[in-house]
Amino acid sequence: MAVLTHNQASQKVDELRKKLDEWAEDYYAKDAPVVEDAVYDKAYQELVELEKQFPDLVTSDSITQRVGGEIKSDLSKVEHPVPMLSMGDVFSKDELKEFDERITKLVGHPVAYNVELKIDGLSLSLEYTAGKLTRASTRGNGRVGEDVTANAKFIKDIPQTLPEPLTTEVRGECYMEKEAFAKLNAERDEKGEQVFANPRNAAAGSLRQLDARITKKRNLSTFIYTWVNPPKNITSQHQAIDEMNRLGFHTNQTGQRLESMDEVFKFIDEYTAKRNDLSYGIDGIVLKVDDLSLQNELGNTVKVPRWEIAYKFPPEEQETVVKEIEWTVGRTGVVTPTAVMDPVQLAGTVVSRASLHNPDYLREKGVRIGDTVKLHKAGDIIPEISSVVLNKRPKDSEPYQIPNKCPSCGQDLVHLQDEVALRCINPMCPAQVEEGIIHFASRGAMNIMGLGPRIVKQLIDKNFVNDVADLYHLTNEQLSQLDHFKDKSITNLLTSIENSKQNSAELLLFGLGIDHVGAKAARLILEKYKNLEKVSQLTVPELTSIDTIGETIAESLTAYFNQPSAQKLLQELRDSGLNMEYLGTVEEEAPDNFFKEKTVVLTGKLSDFTRSEFTKKLQDLGAKVTGSVSKKTDYLIYGADAGSKKDKAEKLQVPMLTEQEAIAKIEK
């Protein structure tokens, strides 16, 4: 860090505090971080160093003197009898050595550590009275958290009653397993809802719900690792973990009691290599002085315990070269850029594409075709370009020019007011029509089985379908002209199209793909007004009278139905026999089939369906779709360019099916 004058340091401290406060609110209060942990940590450490150099600049409201984030939600507030402190963190093995040397100096002799995985989730406190769960709360700002007792009752691994009548408090981490996260995001994507950026956000958003029924559906898990007031016979951290496990708490059994830093470093190296194979997310390793009496002797600072430290994993990065920038048109006309890169192995998978989101983001990153870029996975899940390696930029490189024509129909692209996205506003744009029909047929909407992207594209190319109403006039003769579409597939598709006419009207409303009208909004509107034709005549005030339906949704829906083309489409659908009434929804158990109760993994590029559609198709059949191959996997289904998962399946002798073989099994 450059040497600063006092005035320069004061200005820099103010800038860092403002930035960190904004980021902390996004992270803690909104469960929607806008920067990577590594970016936040770097800024935080810079502030810590400046406050060390200029102690007079330290203030009580500095983020370095606080725990977590301020509480801004509608959940009831809970005061913690014993503050829930943050944890100090380091980013290198040298810093860990310094921590160990500091502890040794303070207590006068070497100590043993209980070394545990740092779970990437949301801190949680559980209080019991006479063995009964009486209160669950989040950390909040360390002094005051949020009451999530009602929600905790729906987390399966939290014991509601202990085997002994203890009055006590334990603490741990609430998290979402990678498989549950993938399933939740696939469902939200299918319904047109915003997906979560990573499992930590998903867990936090799911636990901090006002409606406990939502928490129940989210399949959360916990690891308990702290006993606030253990019985006197519990004298060590590893003993506390074992006893909490005996009492029925879900504890992480990977922790080890280690007596040397060489052993600690070996543990770190082992789990740095293993982290992508775990079913849950970890972002580091935690060292805790194992002896509880020494923990009490060492005590706490204002913000963190002196007896524990977290070693944070560095974000895994790889360098690759941008070969091209593709622009794709979504069903609402938003045109999104994607960087297409040389394939690289990153965090357990082969990555060759990363979203560039919108023109502003692309300009900010400064990415050009031919650039070498650093690539990481946001939340260990989503590929993201960290930066451009400028010293490797080709000499003949030129700034990338944002297109002004739609890549599908060639019409001018526009920026709508208050939007960063580029849009094509041509309602007959082939890409929008195609995406709109795919959405209409999706599981969350009309659930027309067998109508995947490949089939939709052929129907449009052959001019058999120009809008969703045309689906209800398809004939056996037309479908027989499609490539690789056999008699049974034709019969199944026509049957599914016919069956969709009986769907409840909220599925049809959602299927129309009206901007901002997701599955939940469609259901709420039809629950109140019962009939879709009536909904098409509603005013903005009538729509906003429904709880949670705001002006954005109401204005978008009324603007859509004010178009003569929308009224014409609705009339055509009614004339084709589609139900316009709200019927509610009924979930049915999957019938017996090849994939029922089987554990399945998908890998490679699929040609007939998107990954999300195929996942839902298998789940509808009662299959469990997971993200990693193990001895428990029943089948691996693979498409083109299958990578390490296929290799692992071969090694474990897991049965494998091509995409077409799997489809044949589904259609039997």
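Indices start at 1 and increase along the chain as displayed.
Glycine residues also receive a Cβ, built from the backbone N, Cα and C atoms like all the rest.
Now, the feature entries from Swiss-Prot:
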- Asp37, Ala38, Val39, Tyr40, Asp41, Ser86, Met87, Glu116, Arg139, Glu173, Lys288, Lys312: NAD(+) binding site (BINDING)
- Lys118: active site, N6-AMP-lysine intermediate (ACT_SITE)
- Cys406, Cys409, Cys424, Cys429: Zn(2+) binding site (BINDING)
- 590-668: domain 'BRCT' (DOMAIN)
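What Swiss-Prot annotates, mapped onto the structure for a quick look.
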| residue | record | Cβ within 10 Å |
| --- | --- | --- |
| Val39 | NAD(+) binding site | 15 |
| Asp41 | NAD(+) binding site | 16 |
| Met87 | NAD(+) binding site | 16 |
| Lys118 | active site, N6-AMP-lysine intermediate | 20 |
| Arg139 | NAD(+) binding site | 24 |
| Lys288 | NAD(+) binding site | 25 |
| Cys406 | Zn(2+) binding site | 24 |
| Cys409 | Zn(2+) binding site | 15 |
| Cys424 | Zn(2+) binding site | 24 |
| Cys429 | Zn(2+) binding site | 22 |
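DSSP places the residues of the domain 'BRCT' (590-668) in helix, strand and coil in these numbers: 28 helix, 17 strand, 34 coil. Classification of Met87 (NAD(+) binding site) by DSSP places it in coil, neither helical nor stranded.
Recorded residues Cys406 (Zn(2+) binding site) and Asp41 (NAD(+) binding site) have their alpha carbons 40 Å apart, per Cα-Cα distance. Within 8 Å of the centroid of the Cβ atoms of Cys406, Cys409, Cys424, Cys429, where the record puts Zn(2+), the same chain has further Cβ atoms from Val329, Gly333, Pro407, Ser408, Gly410, Gln411, Leu413, Asn426, Pro430, Ala431, Gln432. For the pair formed by Cys424 (Zn(2+) binding site) and Lys288 (NAD(+) binding site), distance between Cα atoms is given as 56 Å, rounded to the nearest Å. Of all the recorded positions in the record (Lys118, Cys409, Cys429), the one with the smallest CA separation from Arg139 (NAD(+) binding site) is Lys118. Over the domain 'BRCT' (590-668), the average per-residue pLDDT in this prediction is 82. Ranked by Cα separation from Cys429 (Zn(2+) binding site), the recorded positions Val39, Asp41, Met87, Lys118, Lys288 are led by Val39. Following the DSSP three-state reduction, the secondary structure of Arg139 (NAD(+) binding site) is coil.
Secondary structure at Val39 (NAD(+) binding site), taken from DSSP and collapsed to helix, strand or coil, is helix.
The two recorded residues, Lys288 (NAD(+) binding site) and Lys118 (active site, N6-AMP-lysine intermediate), show a Cα separation of 11 Å. The residue listed as 'active site, N6-AMP-lysine intermediate' and Val39 (NAD(+) binding site) are 19 Å apart (CA-CA, integer value). Cys409 (Zn(2+) binding site) and Met87 (NAD(+) binding site) are 54 Å apart (CA-CA, integer value). A straight line from the CA of Cys409 (Zn(2+) binding site) to the CA of Lys118 (active site, N6-AMP-lysine intermediate) spans 50 Å.
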